[in-house]
Amino acid sequence: MRTATYFFIFLNLSLAVFEEPAVYPLPFLVTSLVEVLCLLVFFGRLTHFAKVTLRNVFWKDTKNICIMVAILLSLTDLAIYGVLRIYNVRSIRWSRIVRPIFLINFAESRQIRRAFRSIRNTLPEITYVFLLFMFSLLMFSLMALKLFGERNLQTAEGLPYFKNYLEIVFDLYVLVTTANSPDVMMPAFDFSSWYALFFIAFVIVNTYIFMSLFLAVVYNNYKKHLKVTFGGLNCD
């Protein structure tokens, strides 16, 4: 039973690869039939669990409620999407975001649920570090706007360079990952090589210091909650 449950959960999550927009598109009829089959299996598993559980216990368990709501939302979204396709109305499958609920809330997923709970308990404790990082990012973006915004610089594509504050925030946020390095600084560097110091300082502060601090806080708090969770507390 556990193996079958995990198989259909995996099959249900894998539909995102084959549904529009898809990596390997399949006809809507095929993906919808597979999804209905998965939902029927989930409903059967839930019904089986209800048969062997006291009624008041079953209905007080939020995991069962979440699964039932996820099944209803998925079926409703599937029906609406199918009707809109008949009338050639373009829409999206918004119920995809509820599919991980099946992975988390089935009784067999106790370990996943404990890990998810540890992550959830860790989030409030890393808020202060995240706010400090965002403050640093916003301040560096403001400095970049003042440094480069009035220089009439252009990117390699001929677009204005660091003219819009929100675009600067996004570009510097990407720079934290070094995904756009050194391209993002080349227009400023071509104007004056001294401007490279701004980007070097940004990377040192935000990539090396803040990201290391952020990772350390996340790791320590997650490890602490994980020890509490697996230390004998009843987390179900």
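Placed from the backbone N, Cα and C atoms, the Cβ positions cover glycine too.
Where the annotation comes from TrEMBL, it is an automatic prediction and has not been curated.
Database features (TrEMBL):
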type	residues	note
DOMAIN	6-224	domain 'Ion transport'
SIGNAL	1-16	signal peptide
TRANSMEM	26-44	transmembrane segment
TRANSMEM	65-84	transmembrane segment
TRANSMEM	126-145	transmembrane segment
TRANSMEM	165-182	transmembrane segment
TRANSMEM	194-219	transmembrane segment
Subject >> Intrachain neighbours beyond the transmembrane segment (194-219), with Cβ under 8 angstroms and 6 or more residues off its ends >> reply: 122, 125-126, 129-130, 132-133, 136-137, 140, 143-144, 147-148, 172, 175-178, 181-182, 184-185, 188
Original post:
Does the transmembrane segment (65-84) come near the transmembrane segment (26-44), with 3+ Cβ pairs under 8 Å (pairs 6 or more apart)?
Top reply: yes
Subject >> For the transmembrane segment (165-182), sequence-distant contacts whose Cβ falls under 8 Å of one of its Cβ atoms, 6 or more beyond its ends >> reply: 137-138, 140-142, 144-145, 189, 199, 202-203, 206-207, 211
**OP:** Give me the mean pLDDT over the domain 'Ion transport' (6-224), rounded to a whole number.
**Re:** 88
